[in-house]
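So that you can see what the record holds, here are the features copied from TrEMBL:
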- A:33-58: transmembrane segment (TRANSMEM)
- A:78-98: transmembrane segment (TRANSMEM)
- A:110-128: transmembrane segment (TRANSMEM)
- A:159-180: transmembrane segment (TRANSMEM)
- A:221-242: transmembrane segment (TRANSMEM)
- A:254-277: transmembrane segment (TRANSMEM)
- A:298-319: transmembrane segment (TRANSMEM)
- A:339-358: transmembrane segment (TRANSMEM)
- A:365-391: transmembrane segment (TRANSMEM)
- A:411-430: transmembrane segment (TRANSMEM)
Amino acid sequence: MASTSPPILPLDQSLHDVSVEIGRVPLRFPARVPWLIAFLFSLGLLLLFVVSVTWLLTWGVGVWGLNIPVNWAFAIHLYVWWLGLGHAGTLISAMLLLMGQDWRNSLNRFAEAMTLCAVVCAGIYPIIHLGRPWFFYWMFPYPATMGVWPQFRSPLEWDIWAVLTYLAVSLLFWYIGLIPDLATVRDRARKRGWQVFFGIFALGWRGSAHHWARWQKAYRTTAAIAVPLVVSVHSEVSLLFASGQIPGWHSTIFPPYFVLGAAFSGFAMVAMIALVVRHFFGLKEIVTDRHMDVLAKVLLASGLMTAYGYVFEVFDAFYSGDGREIATTYDRFFGLYAWSYWGAILFNFVPLQGLWFRKVRRSPVLLFMIGTSVVIGMWLERYMILVTSLYKDFLVSSFGEYHTTFWDWGTYLGTIGLFFVPFLLFIRYIPSISIFEDKEVLAREKREAGRG
Amino acid sequence: MADAPVLGLLGEFGTADALLDAAKRARAEGYEKLDAFSPYPVEGMAETLAIGDQRIGWLAVIGGATGIAATLLLQDFVNRDYPLDAGGRPLIALPAFFVVDFEIMILFAVTFAIIGMLWMNRLPRLHHPLFGTPRFSLASDDRFFLYIAADDAKFDAEDTRGFLGALGAWTIEAVRA
């Protein structure tokens with residue numbers, strides 16, 4: 001890192017302080033009461049999810065508001081939204097690792113955990129949307145007695161492989177990055193139960209130079225592969241839309257537009273989680289104001305790129321001269337669901353402009369509010385893309401409205417529980433910030449300061 | 001356990017630079033069977049100890065090639081075994097196949113690299129004689145250790161201990177089986 005920039009971690013702490021500060025979180029948990037409240041609340045939402053899915057399995061997808069013509073509705077809208085939230089974890093972790101951006105070392109671990117939980121929520125949606133979810137294994141190529149095979153030319157088949165690969169790679173990347181820290185916590189644990197728990201999952205890591213050399217190679221290789229993976233996964237999601245002829249979807253701008261929007265919403269989510277984690281765990285020396293400042297700048301940049309996508313989508317529609325494309329654009333501006341279009345613009349891009357100012361970027365409250373606004377804005381955007389295109393397409397006979405039902409919302413709020421229950425368990429029981437990578441940064445900064 | 005055979009000597013250092021310096025001098029002295037233990041990867045240590053393992057990169061390449069080849073073969077086979085004519089579109093449609101080909105290529109490349117890394121590192125191995133050494137648990141905290149194996153040609157219980165002391169090791173411990 002350029003030595004001109006001020007150190008991102010305070011230099012008055014030692015390597016040992018880093019072990020203590022982060023390692024104490026799982027071993028002597030600092031925020032029991034807020035954690036317990038959040039956990040019980042999340043468990044409640046998870047229960048709602050179980051009830052909603054049971055209801056769905058009992059009565060079929062008709063309990064949701066989807067129908068012809070709006071037959072994708074909440075299920076695919078939220079699939080895209082959740083998956084997008086997850087992408088920032090991989091981008092922060094992998095892309096910034098390869099670019100040598102030290103500041104990612106305080107954020108990557110829980111960002112990756114966020115990815116994992118979000119991918120689970122995303123992946124569940126296409127499955128419960130299947131109509132007969134208990135046959136989801138028909139998507140795997142196995143020698144069935146019926147003599148049929150899955151159809152690899154179909155986007156549904158693209159979906160399952162993209163999501164499964166993404167889940168598996170995220171899990172492996174997260175886990176091998178975690179092994180050295182599990183060893184640190186194992187060596188600091190004093191209770192037998194913890195020693196055994198961390199001892200097993202640390203796989204007997206010793207920090208040998210031979211191991212580190214191979215580990216670094218594998219870690220960086222995985223990171224280098226994970227970046228194109230993220231781009232491919234969300235491009236694949238956008239192709240589900242773009243490969244159909246529906247006006248408002250059938251456009252080549254979709255893959256980059258979707259990938260950027262995904263990164264945008266994900267960075268907002270990472271900023272929010274970082275603020276909450278450091279507040280409740282007292283980790284201000286590890287996740288500093290400068291970290292939040294840089295993260296806010298990235299959020300602003302990805303937001304502006306997403307805004308460019310909006311501009312180009314409109315330009316594209318008019319430039320095509322296609323009557324239906326233009327009509328769909330008018331429907332977005334003035335139609336029945338215009339609130340979702342203008343809502344997306346308002347929530348995504350208006351509060352975002354505050355991030356041009358350093359004071360706003362460094363204010364936890366304002367940054368958290370802007371992050372919330374972006375997550376809501378992207379929710380509206382995914383809804384808008386789906387519903388405004390589907391409710392009116394080529395023929396008047398296939399015009400129709402879409403209204404959500406209680407079970408749409410029950411399932412959606414339930415997935416929030418599905419996200420937070422494993423995530424809260426993670427921040428409770430596993431070092432949620434990378435110990436060894438922060439030591440690496442601290443050691444380098446100290447050396448530079450010493451030369452200084 | 002005091003009578004168990006000595007596997008090697010472990011010298012403790014306070015900083016990464018001290019460890020790197022000690023490793024360089026041990027190499028210059030002619031020691032071959034060295035290892036270093038640190039809480040984070042020390043820059044330059046792999047070069048000093050002449051660890052040049054290129055196999056993991058190649059494993060990723062082999063994994064990726066295997067993944068994409070296997071998927072293409074599978075897609076070709078299932079479409080011929082159960083041909084489904086969708087509006088006269090080609091059965092073997094590479095552009096439509098490619099999304100899944102790419103994903104599985106990545107899945108295999110990553111899995112090969114990571115499983116290969118664990119396998120070459122002989123992990124998981126939950127117990128190791130080093131863990132029996134009292135101060136070794138600090139290797140995951142803020143201490144740095146240089147290990148000289150007893151089966152090194154130049155190893156001599158007394159001389160090597162003296163050598164580690166001359167390198168500036170804070171403590172020197174024998175690792176026993």
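Heads up, the Cβ atoms here are built off N, Cα and C, so glycines get one too.
Whatever TrEMBL says is automated annotation, not expert-curated.
Because the structure is a prediction, the values reported are computed rather than measured.
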Hey, which bits of the same chain come close to the transmembrane segment (A:78-98), Cβ under 8 Å, at least six residues off its ends?
104, 107-108, 111-119, 121-123, 125-126, 129, 163, 166, 170, 173, 177, 219-220, 222-224, 226-227, 229-230, 233-234, 237, 258-259, 261-263, 265-267, 269-270, 375, 378-379, 382, 412, 415, 419
Which residues of the same chain, at least 6 past either end of the transmembrane segment (A:411-430), have a Cβ under 8 Å from a Cβ in it?
25-26, 29, 35, 38-39, 42-53, 56, 64, 74, 78, 82, 110, 113-114, 116-118, 120-121, 124-125, 128, 178, 182, 277, 281
Given a Cβ distance threshold of under 8 angstroms, which distant residues of the chain, six or more beyond its ends, lie next to the transmembrane segment (A:298-319)?
248, 251, 253, 256-257, 260-261, 263-264, 267-268, 271, 325-326, 328-329, 345, 348-349, 352, 355-356, 370-371, 374
